[in-house]
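These come from TrEMBL:
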BINDING   52, 56, 313, 411, 415  Na(+) binding site
TRANSMEM  73-94  transmembrane segment
TRANSMEM  115-142  transmembrane segment
DISULFID  154-163  disulfide bond
TRANSMEM  230-251  transmembrane segment
TRANSMEM  263-283  transmembrane segment
TRANSMEM  303-326  transmembrane segment
TRANSMEM  338-364  transmembrane segment
TRANSMEM  399-419  transmembrane segment
TRANSMEM  440-465  transmembrane segment
TRANSMEM  471-492  transmembrane segment
TRANSMEM  512-536  transmembrane segment
TRANSMEM  556-581  transmembrane segment
REGION    613-666  region 'Disordered'
């Protein structure tokens, strides 16, 4: 019943005519309305915007701080070279060759289409919480249009008696060994000012209280979830409206926006790095960042964090790379573009880390703490504490705050465009009739996404945010990446895929490097990291910080997290099993049919033959666009009758029948 409905939705009335036979040749509305990038540079900038995103400025410093600073960089670079770049190549090549997104690209091995569906699920879940981070940046951006930044001092309704301002702007006064939360003049005028004794080792910076108490209005536990808060809910709404408007026309609009989102962040980061290097204590923070602790380099947790960052930063296992490259010209030199983007992405995270850790050193000194202790206590909002603190110390701080958070918006939106485009592209691929109604599909997707992600705006939403980040776009990305490389290298065939690459580039680009990484290093490293992560799994823990004590997530949340993880990868075995059963039933029915050629030509038992068929390409596999169906894929250009049977078979050309039969076996 479901298959009948899908066929009805997919059916197209469009036909083209063969120039040789005047017979109708099957085509689809997808082909006629296929979107392409106006210029290759727009594709490159869109890839940079997708990969060089908040993951570099927000997530990279957070994971580096949690994993020992310099100890994080070594596995990060190693995994980038042995896993990240090869998988990036794979996804770009697969998308460009087939002109398909993740929903249909894996028909190159019929039983493994679940890999593409798992990508879509990963993309959707990441899309939901990633836009929350963008809404944080939007809130800071709007709050920056003031003469004095709201997080630059205490005394607001969200501040507590433990609030203080680090550095020269401090508002503390010490007398006889006792410290008060006021200036000397305020202390000498007790009638107008009520000074309170504070503990120098138990203070909270104004930037931390702005983030935790005003923006998040964070609760003390996951169980105390609460209802959506006004500021967060409005910021998130505006964020989804921006995303909707920018992708509503597809790559034609998002490609133009990429000119700004790709270049502007580097200018701002450079300014920020130059200034933070002058802060007191910055040297200690940078030392912690670049000098590795060798005992942590051998810790599997460090490698696990580095692997998740490589996947997250490059956008691997989300399907966004396939969705973007599917809009390329068939002969586009994606290999050259990949080298540029991967280099930019790898170095941008390291580049941004200098600004973060210089500020961490400054804050640690102001709090009389070690850099290691302050870094370890920082949560996912680290970038929204350290960067604002650094900016508030700068002259003309409102101006720099505006351009910095505009930069964060640019970085975040570039990646969010790609993530949101994945489910929309997939819907259009599965149901071509939606092609002409893409704007409606975009609006509906954004509205539903907002209604779901509004849970993150509750006081306990930050705990759900951390849970989803840990269990969805983390280990599940590694599992999907493992099956990607196994399907291409071992099931479809490395040599066959490199032949496909040669059709596009006229060469087998980086063949030996890819053979080493796809066949050996990538699957081996991924499976080792994944297994060790699963074995060493423990409840999520948030370090003490911002006035909140250390928090260990309740047991029920851990169970929920594992359900999320299974949900992310379940399409892989499920689709394989369903398709295998269908192949078995189909072969059994064909064998019982006395007129079927299969009856006497099955070389092995049905269950083994079905397995072979399950790992074979679909009849539709190959370049989607007719002009690119050459060589071994030229059979798809044959004129068909109304039932999809090649006319030359019906007319009795025996030599041509044999040729078509050989091609079918391929």
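Using the three backbone atoms N, Cα and C, a Cβ is placed for every residue, glycine included.
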Within 8 Å of the Cβ centroid of the Na(+) site residues 52, 56, 313, 411, 415, which other residues of the same chain have their Cβ?
49, 50, 51, 53, 54, 55, 57, 345, 348, 349, 414
What residue among the recorded positions 52, 154 has the most other CB atoms lying within 10 A of its CB?
52
Those residues of the chain, 6+ apart, with a Cβ under 8 Å from that of residue 415 (Na(+) binding site):
49, 50, 51, 53, 54, 55, 130, 315
Sequence gap of 6 or more, Cβ distance under 8 Å, 3 or more pairs: do the transmembrane segment (512-536) and the transmembrane segment (303-326) meet that?
yes
Could you give the Cα-Cα distance between residue 56 (Na(+) binding site) and residue 163 (disulfide bond), in whole Å?
30
Would you mind listing the long-range same-chain contacts of the transmembrane segment (440-465), meaning Cβ under 8 Å and 6+ residues beyond its ends?
127-129, 131-132, 216-219, 221-229, 232-233, 236-237, 240-241, 243-244, 247-248, 379-381, 420, 423-424, 427-428, 434, 542, 551, 553, 557
Euclidean distance between Cα atoms of residue 163 (disulfide bond) and residue 313 (Na(+) binding site), Å:
34
Does the transmembrane segment (263-283) reach the transmembrane segment (399-419) with at least 3 CB pairs under 8 A, where each pair is 6 or more residues apart?
yes
For the transmembrane segment (556-581), sequence-distant contacts whose Cβ falls under 8 Å of one of its Cβ atoms, 6 or more beyond its ends:
110-115, 117-118, 121-122, 125, 222, 463, 467-468, 470-472, 475-476, 479-480, 483, 539-540, 610-611, 614
Can you say which of 73-94, 115-142, 338-364 has the most Cβ pairs under 8 Å with the transmembrane segment (303-326)?
73-94
Between the transmembrane segment (338-364) and the stretches 73-94, 115-142, 230-251, 399-419, work out which stretch tops the count of Cβ pairs under 8 Å.
73-94
Interface check, the transmembrane segment (115-142) with the transmembrane segment (73-94), three or more C-beta pairs under 8 A:
no
Mind pulling out the one from 73-94, 399-419, 471-492 with the most Cβ pairs under 8 angstroms to the transmembrane segment (230-251)?
399-419
What does the structure give for the C-alpha distance between residue 411 (Na(+) binding site) and residue 154 (disulfide bond)? Integer Å is fine.
30
